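Chemist: When I checked TrEMBL for this same protein, it listed these features:
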- A:20-38: transmembrane segment (TRANSMEM)
- A:45-64: transmembrane segment (TRANSMEM)
- A:70-90: transmembrane segment (TRANSMEM)
- A:102-121: transmembrane segment (TRANSMEM)
- A:154-174: transmembrane segment (TRANSMEM)
- A:203-226: transmembrane segment (TRANSMEM)
Amino acid sequence: MQDLLYFLQQLINGLTIGSAYALIAIGYTMVYGIIGMINFAHGEIYMIGAYTALITITGLASLGVAWLPLILIVALICAVLVSSSMGWAVERVAYRPVRGRHRLIPLISAIGMSIFLQNYVHLAQGSRNIGFPALIQGGFQFGDPDSFQTSISYMQITIFITTLICMTALSLFISRSRIGRACRAVSQDLGMANLLGIDTNRIISATFIIGASLAAVAGLLLGMYYGSVDPLFGFIAGLKAFTAAVLGGIGSIPGAMLGGLILGVSESMTSGYLSGEYKDVVSFGLLILILLFKPTGLLGKPEVEKI
Amino acid sequence: MSMLVLEDVHTHYGKIEALHGVSVEVNKGEIVSLIGANGAGKTTLLMTVCGNPQASSGRIILEGRDITRAPTASIMRSGIAIVPEGRRIFSGLTVEENLHMGGFFKSKAEIRKNQDHAYELFPRLKEREHQRAGTMSGGEQQMLAIGRALMSKPKMIILDEPSLGLAPLVIKQIFEIIGHLRDEGITVFLVEQNANQALSLADRGYVLETGRIRLQDTGANLLANPDVRAAYLGG
């Protein structure tokens, strides 16, 4: 019973962090799917989302706003707006001018953008980590109060539910809406979409905006969950989400969701049963294994076309 | 009345010139066939009309409007549609979704109307409406590519090797449809290696050889021309 409760606790922690990874991973995978590049500045977009949320929350608090749902919704909206305009601008400034060149050139441009944004936040917000108020407190406890108890915090439940809503909305958008259909068409054959009169640049911008918005949601959630942010906040999370995207099959949206969850759970299991120090070893070890034995990822498949 | 005019068009791929001053005219309501060997520049010529790549010099005029420097997406919104070489259908999308992409910038009502029309022309597509396009046979995919091009209700349709890799029976069907398109008043600009069928159907034809127009005449005259017969029709 004890063991089961302990296991359950690791699972809950893992799914929480994993669903946030999945939210960030969507941005990597959609951008890769559509223009075949890894947007290494995506982790910074997520970090900026977290900072924006924090600034908004602090601002609202100083204005005397105390109603929690209002604070959260305004923080969410601000984070999404700032991050998505940032995502849009990064594509316009750093990627569009070098699109179609050798693959290394956009990659270098992306790394440059990542360094720039990180250092910009260093300058603007300082290098030290800033406390993020734990707005959502409390939770449920299971098990014998005298020994190990499994707990689910309201914060974890919020992360779950928000992720679920975002993923459902995204899936519906991609499968049903006109722009979503165009995203899928462009990711399959950009040149052909262009030959049908579709303004592919606008579809690419839409992809960056969607990815950045989801990253901003993750930024707000994980900022509250971890309780602090710093300018390097996006670096490791970005790498993890990138790993999740590759694990699930880069270019595949369900793959990114699955990859995020698997990565989150394997990390928390490592922390729970081995040691927290090994969790990065395990996640990047997974990345190496998947690249060695199944480079297309779990749900990614090489496109088979009939001639 | 000319639908499309190319005046002394040169096209480069990097430093290599692929078209050395090509002039072509397609009149409204005509079927014009362009024939030529592999590597003559047929696909380049069609893609230059679509603005990808853009002509390095010369002029391309679509219904009196100069489109030489226009971006691809805006050219393709001005009454012209292409069935490209190799079909290039979106294999991961369903048949219906592929059709909708063809009418992306049209209103919902127009999409519905044009979709019904495409299903009328190709009842097979209606049967496979919700199937992933990549799972269909080559002939069905070609029908889908033509149906998709018709979704924007074009005045002119460009077809690049529509018979390539298809069974003779399917080729016959495709050529029948091309004839039918003309009857509907759509101008057809056709590129084919299958010179015999392309010229039989065409009002006029052009022979392209290593980036230059060698011959131009009515379809019937080109079919009878001994040089053309020797070079493209197997003697």
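Quick reminder: no glycine exception, Cβ is built from N, Cα and C everywhere.
Because TrEMBL annotations are produced automatically, they should be read as predictions rather than curated entries.
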Chemist: Go through the chain and flag residues at least 6 beyond the ends of the transmembrane segment (A:20-38) whose CB is under 8 A from any CB in it; none is fine as an answer.
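Modeler: Same-chain residues near the transmembrane segment (A:20-38) but 6 or more away: 45-46, 87, 95, 99, 103, 106-107, 110, 159, 163, 166-167, 170, 183, 186-187, 190, 203-204, 207-208, 210-212, 214-215, 217-218, 221-222, 225, 237-238, 240-242, 244-245, 248, 250-253, 255-261, 263-264.
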Chemist: When only pairs 6 or more apart in sequence are counted, do the transmembrane segment (A:45-64) and the transmembrane segment (A:154-174) reach 3 or more Cβ pairs under 8 Å?
Modeler: no
Chemist: Which residues of the same chain, at least 6 past either end of the transmembrane segment (A:154-174), have a Cβ under 8 Å from a Cβ in it?
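Modeler: For the transmembrane segment (A:154-174), the sequence-distant neighbours (Cβ-Cβ under 8 Å, at least 6 residues beyond its ends) are 12-13, 15-16, 19-20, 22-23, 26, 134, 136-139, 180, 183-184, 210, 214, 217, 221-222, 224-225, 253, 257.
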